[in-house]
Amino acid sequence: MRTTVVLAGLVALAVVGAGLVVAHGNHATASPQVSTDGTVVVEEAFLSTDGYLVLRADDGGEPGRIVGVRPLDRGRHRGVTVRADDAFWTGVRGNVTLWAVLHADAEAGNDFDPAADTMLTWFGGPAGQRLAVARGERPASVVTRGAGALENGTLPVVAATLPEAGSLVVHATANGTLGRSLGSRALPAGRHTGVRVSVNTSGLDERAVVAVAVHTDDGDGRFEPGVDPVVRVAGEPVASRYERVPEGRDPIRVNTPVPTTDSAGDSEAADGPATTDSSAETSADGAGPGAWGVALAVAVIAAWLARRQGM
């Protein structure tokens, strides 16, 4: 037991020592959304080398057959989109469960080959996320940075698409559900980028996890809790998880699903009116020591413990 505890502690230190690998390992995040044509908005994707963002049908809780592909350069991408094949999307009625996952580019620039360009992993699971997508006449989605400070009491929203006039609402979260509203911003129907939502931070923990959800309006032009409903897909809110981080600190994140309750642009969200369009953000910042750093550290620790105990 003591050995296990010691090893767990040392592994944790190894992960921290590897630094940016936790934040920059190959991963993709996506939230429940409504799509009109099979286009799925992925909030964030990070690739340590060139690869592919792939849509896969759900197969008993695991990624199944491939239904859409697009290439991605190495680096971080926010608000990037990938579209399902027409042959698949025409058969979708109502809601469908998909996976947005990352695949390697084993053949370095050639066309996607599912046999060679295998799915990447993230902490032992698929490097991606399972999400519910609804087929609808008007799209709905929201993209945040996932973590950051609430500067001047506002939360920056990278991009949001509202199916009709409504509001972006910041909710507290508790026990995996949307809680009380902490702030809102009314917006017309359509796609918006660079939006800031004022947040009441009174009593809010400095590392609180909140969610930004899309709500429709009852016609009076202002958000009313309990009156203006959240947009839902398969019972889940169209919402983006956001972890509050003390100002001046860089978050180290592990992706976690949101509470069950043409690319979206990523521009620096500034005070003032939201813009209506922008291109998806791509950055090729380095991945730090990388997963190999953690693996090497863990292997060294395990070998050291084995020698000590004669295993």
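Placement of Cβ uses the backbone N, Cα and C atoms for every residue, glycine included.
Within the domain 'DUF7282' (29-116), the DSSP-based counts of helix, strand and coil residues read 4 helix, 52 strand, 32 coil. According to TrEMBL, the feature domain 'DUF7282' maps to 29-116 (among others).
Residues or ranges marked as domain 'DUF7282' in TrEMBL: 151-240 (among others).
If you look up TrEMBL, you'll see 241-252 marked as compositional bias 'Basic and acidic residues'.
Summarising the annotation, TrEMBL assigns region 'Disordered' to 241-288.
Sorting each residue of the domain 'DUF7282' (151-240) by its DSSP state yields 3 helix, 53 strand, 34 coil. Along the domain 'DUF7282' (29-116), the predicted structure has mean pLDDT 97.
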